[in-house]
Structures are given as structure tokens and as C-alpha cells.
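According to Swiss-Prot, the protein has these features:
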DOMAIN    11-280  domain 'tr-type G'
BINDING   20-27, 88-92, 142-145  GTP binding site
Amino acid sequence: MSPSEYAREVSKRRTFAIISHPDAGKTTITEKVLLFGQAIQTAGTVKGRGSNQHAKSDWMEMEKQRGISITTSVMQFPYRECLVNLLDTPGHEDFSEDTYRTLTAVDCCLMVIDAAKGVEDRTRKLMEVTRLRDTPILTFMNKLDRDIRDPMEVLDEVESELKIACAPITWPIGCGKLFKGVYHLYKDETYLYQTGKGHTIQEVRIVKGLDNPELDTAVGEELAAQLREELELVKGASHEFELDAFLAGELTPVFFGTALGNFGVDHMLDGLVAWAPAPMPRKTDTREVTAAEEKFTGFVFKIQANMDPKHRDRVAFMRVVSGRYEKSMKLRQVRTGKDVVISDALTFMAGDRSHIEEAYPGDIIGLHNHGTIQIGDTFTQGEDMKFTGIPNFAPELFRRIRLRDPLKQKQLLKGLVQLSEEGAVQVFRPLTNNDLIVGAVGVLQFDVVVARLKTEYNVEAIYESVNVSTARWVECSDVKKFEEFKRKNELHLALDGGDNLAYVAPTMVNLNLTRERYPEVTFHQTREH
């Protein structure tokens, strides 16, 4: 393959994730994006039980029952001249670690905001994570077919709460039952909305020019006058779009629309392929790797069990950073130092897998894994280096796991260790007893673990409260002092799934006191994989 062909393949890749608060419409927007990418023919809307058309990207049993996306799916589709990789992140209240780690594998994010509610808690948290890497953000103000807050007010809220400048690209005309469409500030065109066309791609009527009398006829004189008035204000008070500020993560272009009505999604996609960066360079512990390099490198950011219920398999999701993946390629797994031949990597359309012959930087490929691959693993063509910045977060919630049948202790431990390698939950084994404590960043994770232990490992377990409120990974360069610390705090020490030592504190007060007492011991809130 010639260098120019390789460069062309790299330059057309766009890899992004969607971040939002639960119920802001993330799964619906994912569906509509796939519809525009011709990846699906009609969009199934996410509803509670009873509706048979399940959304394409929600595929684990529990997700189908609850109408929420629990695991991160990966979908690739063509749009315009680009190939887009969309990483779907769980939108539900408390899915987190998976989501945080997924954000380390993308070059850009789409923030979906419910325009009736504005900035919500979950969005704030996710934005903090994107800030760690200054990821560029596009914004979609959703649900304009309902009654929303004043758009100017919502933009102000985004700017003040998320500390990012907003540059409106389109502007809404009316909302709720009076929603008529949007005006594009940079193309000087109005796109008119028709109701009831949400499941397919609709032909949109376009009115050129803001002073066109046709506009008054189409949306009514009152709304047309209101639009012109609002635009005067918008042009005076808001930021203009600047590509450099967007790429630095300082400014977000804002699009208005309704994902359910399939309106405005294509404007956002046009912005994404035009402005979002092609695959970006990444740091390793020795140097920076750019997408232009011909030698293959990649890192694993997620492990998912049982995408295929018929086989008890696990799939490791790897982001390609540089080079071209080819079938039966020999790669070095840096952590173990072993060379492995990867003959059957997968590409995804949530849950439907197909084997791939090649992949380029920005693409996500799936590797079959029988427990040998861990989150954070780096694969290269022989170079010894490790990609950095794939964090493990200290859990905020803890439960003790107990068996209904005490004879199944071995299966329980195996199940929990596998689930912890996958990042579904973190496991802590106290040094002084045989308890198994699981830590999570959100309550729903405990239900998921119990459900999966039952379906995948045939283990009936229940969880109960435990006197732990937080955990920190501990280390100390002074061996003697560390031994003393371990001896005196044995009751509060545990090993995690990767056998790293952690201090599990009953209260924050206890943690702070212990910290003061042992200044030479470092207490880490995150741990690199």
C-alpha cells in the first residue's frame, strides 16, 4: 500500500462518542446517526418493555428489559467522504468507569442536551473527563419538538457551568407544537421541519435568505419576525465559530433539532466530518505516537464479556493509534512481552460482528480474549512502550457479595475477577478475612454484576452493605515504613483484582487521619491500567 493511500485512509477517519445525561436522547440520536450513515434502514426507538423494535445499539438482556444502554457498543458507518466510528457510551445514571475509559479512545465528543432541562449533573461529570485531554466537543440541543427553555438561556448555562464558549451554527424557529425548523447562520438558509417523519430520512424544504418573503409564508409572519429579532441578538452576543478554539476544546459549535423527529441530526454530522480532527497523536511512557507512522500500535480500553451468548467469550476493544492492521498479523503484547498472531479481529455494528481484513488509525477492532488481555494493554510491532492515560477510578460505592450456595466460592471468585478485568466492577479481597467486597461508581453496576454472575457463571449471589466508604491505592518508596504501615493497618487493607494493594476506609475522616499519620505513603484516587 502506497504512503499516499495510507494517508488518505487515515484522513477520512473520525472517531467520536456521545455524552449526555440519561434521557437526553442519546440512544435515539445514535439511531438517527446510523440511519444517515445507511447502517440501518429504519430506526427502532428505545422504550420500556413491550415494544419489539429494540434500538440497535442496546443489546445485552438487561438493557433490552430496562430500555437503557449499559455497555459501550462500537459502530462504524460511512458519511459523506468520511468513515465514522461511533462509540456508544452508557447513558444511564450510574454507568461510569466504562464511559470514562471510552472517552480516552475518541478524538471528539458530541454532547447531547435536553433543551427543556439544560445542563444536568451527568453531563458535568463527563465533561470533566473530556477536559483531561481537551477533547473537542460538538453540542446538539435536543427535543425541540417539545416545549423548551429559552435557547439563549440554555447557551449561557452551558458557558457558565461547563466553562466552554458556545458558537450557534443553527438557530431554532419556535418550539413544541410550534416548532417550524432551524436557520443556518453560516449558510443563510432555513430548513423546515415536518412532523411524523422520524423513522426515515426526510426531504427537507429549504428557504434561502433570511429576508426571503417565502420564509414568512412558510413559518408565519410572527415567528419569522421573532427569528430575525433573535438572530440580531445572537450575532451580537454569542461567539463566532473558530476552528482552532474548537480543536483546543475551548469552544463548541451548537446545533438545534429533534432526534426523535430526525431533524437537525444531519447538520451536526456535516459539522462533525468537516471540523472534527482525523486520528490524533497519543502519548506513551517513552514518546508520542502519530497516526502517520506505518508501524502498528494500539491500546485496549474496554473488555466486554459475552457479546455472543452461545460462546462464553470475551472481546477486548482496541483503538488503533498508528499503522494498518492486516489479518494474521503478528503483534507484541507489551505487558506480557509475548508475540501473538491476531487472525480474527472483529469490526462491530452493535452485537452483529463481522471479521475484518484491515483497520486503520481511529478504528476500533475487537480481539478474542480468553483472559489474557487486560484493560490498558498496549500492542505494537515489537516496540516496548505503553500508552498512558487509561485510568481506573476509585469506586464510590461498596457492597459485600455473599453466596447462596457456599460451595460455589471458586466460580464466584472466577466470575468476579473476570468482571473486574472487564471493568464492570472492582473487586477487593481484604487481607484479614475471606470477604469479597465489590466497588462500583454507580448503584446499577451491582445489579448488573449479580445478574451476570447468574446468567454467565451460574452463581446465585446477593449483595449486602459493608462498612467501607472509599478506597485508595497505596504505595511507598520506603520499604521499612511501608511494612510498618501494613502491619498497623492490616484490617483496612485489601488486594484488588490485579493484586494491587488498596486501603479501604470506613469513612472519609478515617482516610484523612490515616493520610496525616503516614505522610510517606501515597494514596492514589486513580490508577493507570
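Numbers here mean position along the shown chain, with the first residue as 1.
Every residue gets a Cβ built from N, Cα and C, even glycine.
Counting Cβ atoms from all protein chains shown, Lys26 (GTP binding site) has 29 others lying within 10 Å of its own Cβ.
Look at Ser20 (GTP binding site): DSSP puts it in a strand. In the structure shown, across all protein chains, Thr89 is the one of the binding-site residues Ser20, Thr89 with the greatest number of other Cβ atoms within 10 Å.
On the 0 to 100 pLDDT scale, the domain 'tr-type G' (11-280) averages 84 in the predicted structure. Asp23 (GTP binding site) is surrounded by 19 other CB atoms, counting those within 10 A of its CB over all protein chains shown.
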